[in-house]
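Colleague: Just passing along the structure, written as structure tokens.
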Amino acid sequence: MANGNASSDGPGNPLAAVVSTTGGVMGGAPSSAVSTYVKLVLLGLIICISLVGNLVVSLLVLRDRALHKAPYYFLLDLCLADTIRSAVCFPFVLVSIKNGSAWTYSVLSCKVVAFMAVLFCFHAAFMLFCISVTRYMAIAHHRFYSKRMTFWTCVAVVCMVWTLSVAMAFPPVFDVGTYKFIREEDQCIFEHRYFKANDTLGFMLMLAVLILATHVVYMKLLLFEYKHRKMKPVQMVPAISQNWTFHGPGATGQAAANWIAGFGRGPMPPTLLGIRQNLHNQNRRLLGMEEFKAEKQLGRMFYVITLFFLVLWSPYIVACYWRVFVKACTIPHRYLSTTVWMSFAQAGVNPIICFFLNKDLKKGLLAHLPPCCRTPPQLPREPYCVM
């Protein structure tokens with residue numbers, strides 16, 4: 001009897017296995033429900049922030065004539081792309097999470113959603129690279145930039161960026177099994193496999209080269225600003241004088257005073273020649289101090305946007321390279337979920353950065369707020385005396 005009881009309660013008993021399995025499922029079900037709830041809340045928050053923030057920035061740029069400039073046109077394009085991504089791609093992710101990480105639509109719709117997700121990723125990379133080039137031209141070659149960077153030039157740049165993005169995202173549509181639903185990521189996206197299985201390595205290299213080239217341009221701009229951080233010293237040109245009548249590039253009003261006082265003979269000296277020369281040198285400057293500060297502020301804002309794009313996308317890019325170079329690899333589910341949600345958060349970060357680092361957008365936002373939400377202006381304090 002003892003042996004019978006021991007054998008019936010041993011680890012090989014099927015009833016014990018069923019009980020242990022049921023206990024494991026019951027223990028894992030609450031954690032899975034909590035994970036699903038957290039994902040839904042986070043993605044819903046990302047969608048709301050992205051839609052509201054990007055639409056507000058877009059409306060401010062469209063309504064304010066002072067913002068009708070090349071950098072704000074590019075910012076408008078970025079905001080509209082993030083708005084479409086949040087409104088079209090993210091709701092399908094919400095539905096797939098709600099259905100237990102399953103795609104309930106057709107295969108064609110999955111390909112369309114995956115195509116749009118890859119399209120917006122490459123669009124942001126190409127646009128940030130073009131913005132970095134224009135920021136460098138605005139400071140290093142301001143005269144050429146002010147003449148050539150017109151509205152139609154901006155339209156041409158935007159069209160070129162969208163064309164290149166479509167060229168990068170469209171070919172996988174015809175490849176069998178390239179765009180598919182990835183259960184671990186809860187989304188339809190490019191299936192990153194071993195580099196000998198498909199062309200995923202070429203796409204990842206193109207994205208990495210774009211991000212690297214963008215930061216190289218900003219580093220070059222930083223070096224240019226560092227070299228030109230100090231003003232050149234004024235070189236004083238001495239005036240010419242034979243009989244106390246100073247003339248030449250360095251002549252000042254003292255020559256006229258000497259002539260009136262009786263020093264020297266002859267006609268009135270050209271006293272303002274040196275001043276005219278200085279004004280001529282000032283007109284030759286390519287970029288004034290106020291313009292330089294404005295361009296530098298815009299460059300700082302766009303670089304922070306680029307930096308956040310790198311920070312939020314780099315973990316997912318690392319996971320993609322992991323799949324490409326390691327055959328039959330297993331990425332930890334928690335790490336992969338975190339990287340995917342970081343890439344989703346990138347769609348709502350740009351408006352926050354713009355309102356924090358751009359004074360013009362901040363003023364435009366405060367001007368359109370109701371009076372109850374505005375902060376009262378601080379009045380200047382006048383000195384007073386206590387008797």
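Positions of Cβ are set from backbone N, Cα and C atoms, glycine also.
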Colleague: Based on the record in Swiss-Prot, is it correct that LYS147 and GLU291 are on the same side of the membrane?
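Modeller: Both on the same face of the membrane, per the record.
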Colleague: Tell me which of CYS110, CYS121, CYS130, CYS154 Swiss-Prot records as disulfide-bonded to CYS188.
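Modeller: Partner cysteine, according to Swiss-Prot: CYS110.
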Colleague: In Swiss-Prot, which of these is labelled N-linked glycosylation site: ASN99, ASN198?
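Modeller: Going through ASN99, ASN198 one by one, Swiss-Prot annotates ASN198 as N-linked glycosylation site.
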Colleague: With DSSP helix as H/G/I and strand as E/B, how many residues of the topological domain 'Cytoplasmic' (62-87) fall in helix, strand and coil?
Modeller: 23 helix, 0 strand, 3 coil
Colleague: Per DSSP, how many helix, strand and coil residues does the topological domain 'Cytoplasmic' (133-153) have?
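Modeller: Within the topological domain 'Cytoplasmic' (133-153) the tally stands at 18 helix, 0 strand, 3 coil.
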Colleague: Which of these disulfide-bonded residues has the least crowded Cβ, counting other Cβ atoms within 10 Å: CYS110, CYS188?
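Modeller: Least crowded of the disulfide-bonded residues CYS110, CYS188, by Cβ count within 10 Å, is CYS110.
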Colleague: So are the transmembrane segment (336-356) and the transmembrane segment (41-61) touching or not, going by 3+ C-beta pairs under 8 A with a sequence gap of 6 or more?
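Modeller: As far as Cβ distances go (cut-off 8 Å, pairs 6 or more apart), the transmembrane segment (336-356) and the transmembrane segment (41-61) touch.
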Colleague: What kind of secondary structure is CYS188 (disulfide bond) part of, going by DSSP in three states?
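Modeller: Assignment for CYS188 (disulfide bond) reads strand.
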